[in-house]
Amino acid sequence: LVLQGYLDEQFNQLEELQDDSSPNFVEEVVALFFKDSPRLLTNIELALEKYPQDFYRLDSLAHQFKGSGSSIGALRIKNECSIFKTHCNGRNLEGCRRSLQKMKREHANLKQKLETYFQLLRQVGPQECAVNSWK
Amino acid sequence: MASVGGAVVAAGAGAVGVTPHVLAVDDSSVDRAVIAAILRSSRFRVTAVESGKRALELLGKEPNVSMIITDYWMPEMTGYELLKKVKESSNLKQIPVVIMSSENVPTRISRCLEEGAEDFLVKPVRASDVSRVFSRVLR
């Protein structure tokens, strides 16, 4: 329930890769994402503020962020990045700006949800946690 | 996950020299961690690096790489450019190369396969994809 609608099946794939030799693998990968993603968002923001806008570069930056998000199963981030890329293709600056704000909100929401999820896992253990409740 | 000189090294089961050694190349730290974990779960020895340049440096020193799996879009040197360099080298051309990309672009796929890539995987890569491709190529 904590993660419902926020993550897709890729997150489940990550959990299947977690084992005794890497018991915190999922949390480590998520931490890598949230370590790197603020920089990607800042790069997009800076690129949007430049004039004239380089929509090819904006698309490329969104592609990076989308790829990274997809790797941890960040469904809403992935979807919003696709919308952003569509705005880039249409050279729609206002659309890009609105979409970036949504990307930032989804990013912050997901971070909060995952922090809660991992906290719950530590408290109750993975067997007790409804792993598939994020679907 | 152990980190050695910027490269992620994960040992699979089996002795060194017996377990295939896979070189994974991706500029994304997230994707490097994921592909390394997938390869490790398939019992491969893995070295993961962040660029084509680092990959070539390592290939120059490490003689026993069984396979290379590389992201397509990387700054400075793309996976396609890395593939070309590997296939142009008399020392390296026998090493199978698999390309990964988050975009399913038919012309890109054709170009890589024509240049000698063994396969082209669309990200996010799954353990089943790796198992299918690697068991065929390393048979």
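Yeah, the Cβs are placed from backbone N, Cα and C, and that goes for glycine too.
What TrEMBL says about this one:
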type	residues	note
DOMAIN	B:21-138	domain 'Response regulatory'
MOD_RES	B:Asp71	4-aspartylphosphate
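In the structure as shown, the Cβ atom of B:Asp71 (4-aspartylphosphate) sits within 10 Å of 26 other Cβ atoms. On the 0 to 100 pLDDT scale, the model's mean across the domain 'Response regulatory' (B:21-138) is 94. Taken residue by residue, the domain 'Response regulatory' (B:21-138) breaks down under DSSP into 53 helix, 24 strand, 41 coil.
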